[in-house]
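Sharing a structure with you now.
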Amino acid sequence: MNNGFSTGEEDSRGHTDQTCCLIDDMERCRNQAGYASYSKRIQKTVAQKRLKLSSDPAAQHIYICDHHKERIQSVRTKRRRKDSEDDSNETDTDLHEFPDLYQLGVSTLRRYKRHFKVQTRQGMKRAQLADTIMKHFKTIPIKEKEIITFFVYMVKMGSNKLDQKNGLGNDTT
């Protein structure tokens, strides 16, 4: 199974005598059927993307041609690409971008909780702890200009404690 499409490696029958089972914009496709199948998951994707594709009820199989397979896959991946392009063109006015704390481990979340003395009940699960910490994280006031100025100053002066601690500040080359 590849992206919801059956590759046919699980199925040893040949499809050389079959045509695509899809009706494209009210016209039955006449292309040779490949090994990709028109599963319920793919049907759901087609419906969500409002493609004018439907399965021919007269067809005795669910195999589709390579053209329709590629068309469905391109619609599925186009959304991901569009999202990633949108992310790269973000402006500085979007101040509501927060890190994904749900990816952090429980020990890291607990360390944050201890450091900022966040009040929580005992025995919280990771997702609940991340929710509580995210609420606290959003309330922390920051002075962006001051932070950036301090960062640039520290870099120029070469006095970053973390670099010196890791041996990076003692560069002799």
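Glycine too: its Cβ is placed from the backbone N, Cα and C atoms.
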Here are some residues: Ser74, Ser84. Which is flagged as phosphoserine in Swiss-Prot?
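That would be Ser84, per the phosphoserine annotation in Swiss-Prot.
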Check the candidates Thr77, Thr93 against Swiss-Prot and report the one noted as phosphothreonine.
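Thr93, according to Swiss-Prot.
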From the list Ser6, Ser88, pick out the residue that Swiss-Prot labels phosphoserine.
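The phosphoserine feature in Swiss-Prot corresponds to Ser88.
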Pick from Thr16, Thr91: which does Swiss-Prot describe as phosphothreonine?
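Cross-referencing Thr16, Thr91 with Swiss-Prot, phosphothreonine lands on Thr91.
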Over the zinc finger (20-68), what is the model's average pLDDT?
88
Within the zinc finger (20-68), how many residues are helix, strand or coil going by DSSP?
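Counts, helix then strand then coil: 12 helix, 13 strand, 24 coil.
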